[in-house]
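Chemist: This is the structure I have questions about; it appears just below.
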Amino acid sequence: MSKKTLKIKHFQKLDCTNIMPTIPPNITLASGSRYRQQQLTQLQLKFTASPTHIDEEALINEPACALAQRLAKAKAWAASANGIGGLIIGCDQTAECGGRVLGKPGTAENAQEQLRFCSGREVRFHSAICLLRTEDHFQQLQCIETHVQFRPLNNEQIARYIAREKPLDCAGSFKCEGLGIALFESITSEDPTALIGLPLIALTTMLTNAGIQLL
């Protein structure tokens, strides 16, 4: 009986960066914002929303963009500290006008004061996003700036808008995805989704860098 010779084939190492993962990625949005959750559904990825609670107080003389980036990063890491794995999306948004940082008004009175201050002025919004995966030390952070020119607004218009839309949990006291768009004369940004709170163009680039293919 003749012996057969076992031939060993040498395979080249595959580049797996362009291979669609067979297991759906575990993605968590570290935010309780329903607006950001609605945005993330556009990417047709399964995700879990898990809001985090951190101190959002600005540091002394902290620029608005730096504040947004610090908080976005802190929210992602806070979710990780709570035992959440996989990809974590942290995000935050700040606004500034005339050298003043505008936060979430919280009350109708504060919202009226903010909109009176912004009337006829340009407001700059900073939408920061952090994508984190601690298992392989992946982290990317970016801040998108949006310039919004407000229309001149009188007190009656401001009061009616706040009564109708109640933008008390929004930086700048408006909801651009709703009636708030009527407050503006123009919007300038490299990412038109950033003003709502979650810059999707930046996020898709980050997801690609993390090995997630959307298309």
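The backbone N, Cα and C atoms fix where each Cβ goes, glycine too.
Here's the feature list from TrEMBL:
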- ASP92: active site, proton acceptor (ACT_SITE)
- TYR35: site 'Important for substrate specificity' (SITE)
- GLN93: site 'Important for substrate specificity' (SITE)
- GLU177: site 'Important for substrate specificity' (SITE)
Chemist: Which one is it, among the recorded positions TYR35, ASP92, GLN93, that lies nearest to GLU177 (site 'Important for substrate specificity') by Cα separation?
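Modeler: So, of the listed recorded positions, the one sitting closest to GLU177 (site 'Important for substrate specificity') is TYR35.
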Chemist: Please determine which of the recorded positions listed here (ASP92, GLU177) has the lowest count of neighbouring CB atoms within 10 Å.
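Modeler: Taking ASP92, GLU177 as the recorded positions, the minimal 10 Å Cβ count falls on GLU177.
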Chemist: Who sits close to TYR35 (site 'Important for substrate specificity'): which same-chain residues at least 6 apart have their Cβ under 8 Å from its Cβ?
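Modeler: TYR35 (site 'Important for substrate specificity') has long-range Cβ partners LYS175, GLU177, ILE196, GLY197, LEU198.
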Chemist: Specify the secondary structure state of ASP92 (active site, proton acceptor) as given by DSSP, simplified to three classes.
Modeler: strand
